[in-house]
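Quick look at what Swiss-Prot lists:
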type: BINDING; residues: 155-161, 213-221; note: 3'-phosphoadenylyl sulfate binding site
type: CARBOHYD; residues: ASN110; note: N-linked glycosylation site
type: CARBOHYD; residues: ASN368; note: N-linked glycosylation site
type: TOPO_DOM; residues: 1-39; note: topological domain 'Cytoplasmic'
type: TOPO_DOM; residues: 61-376; note: topological domain 'Lumenal'
type: TRANSMEM; residues: 40-60; note: transmembrane segment
Amino acid sequence: MFPRPLTPLAAPNGAEPLGRALRRAPLGRARAGLGGPPLLLPSMLMFAVIVASSGLLLMIERGILAEMKPLPLHPPGREGTAWRGKAPKPGGLSLRAGDADLQVRQDVRNRTLRAVCGQPGMPRDPWDLPVGQRRTLLRHILVSDRYRFLYCYVPKVACSNWKRVMKVLAGVLDSVDVRLKMDHRSDLVFLADLRPEEIRYRLQHYFKFLFVREPLERLLSAYRNKFGEIREYQQRYGAEIVRRYRAGAGPSPAGDDVTFPEFLRYLVDEDPERMNEHWMPVYHLCQPCAVHYDFVGSYERLEADANQVLEWVRAPPHVRFPARQAWYRPASPESLHYHLCSAPRALLQDVLPKYILDFSLFAYPLPNVTKEACQQ
């Protein structure tokens, strides 16, 4: 899926190349790893480069980027990666009727990934990462040795259902329809559980995939679920958020009434590398430059993309991705639009740098929060 990297992009107006700036720029609180020197977060630096070269904030203000259509995330072409020759070859890689245009868009998205990841200083391998970043990555990649695939799970992007599928494939569960409370650790193997040589072998030879979601919609889903339903999160995070950002909150708030703008203010002040996994940027969870994923599925096409992956890895025909429950009400584009339009514009502009690589790498348009759009 990732051909040879393109020639690095020229820095705007004679500026430093991306990788050199990564090595030189200070970060403040964020650190590369245990005892490592400070590093500038790639998302922050990438945002600064984009702003300097193309006036991104002005485009956000005018709603220009919001008019861009998201690029559908679809199967890779036939050009080989290691897994195809050394793991069971999934059948039916040819495009379905009517998918040719979608393949073109997928190719455009791949060029974006190659252009960003091909910059000097960007990681090419998990062992290029600082210790802390590599630890986070390896703890989020699940392993199926029986079906020879690796799945980087992203919270709030159907990861519980994928873990349920993996337990069925491992013979731990009889069916994906078993409605037991999901244990997110037991009977699952993570790359972090393996020795370095075992990790390298699987990264080279196994089919690798992840699923992504519109970044702010994912944040809204985490906000609604964790602060609206789960007492542990209300006590651990909600109470602290209220103390920090609400005037006259008192010393012991319950944390069960955090507003979305308060949550966004909290995210602005957090180091992305140390965030809770439910709102950590996908870039930091799955490191798509360090790991060359064969497929990136999307939440918007969840069931179709997931079942395509199961065909590719030759899962038994009776194992299908669970259908969404009738009672489930996910965060919708309409709900997201309402919450974003209710938040201060300046606050949104402060939040976007944390997630700009998730928008750009995975081809999601930036939100349109102009006055005109919010009045509709």
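For all residues, glycine too, the Cβ spot is worked out from N, Cα and C.
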PLDDT averaged over the residues of the topological domain 'Lumenal' (61-376): 85
C-beta crowding around LEU220 (3'-phosphoadenylyl sulfate binding site), within 10 angstroms: 22
Other C-beta atoms that fall within 10 angstroms of the C-beta of ARG218 (3'-phosphoadenylyl sulfate binding site): 24
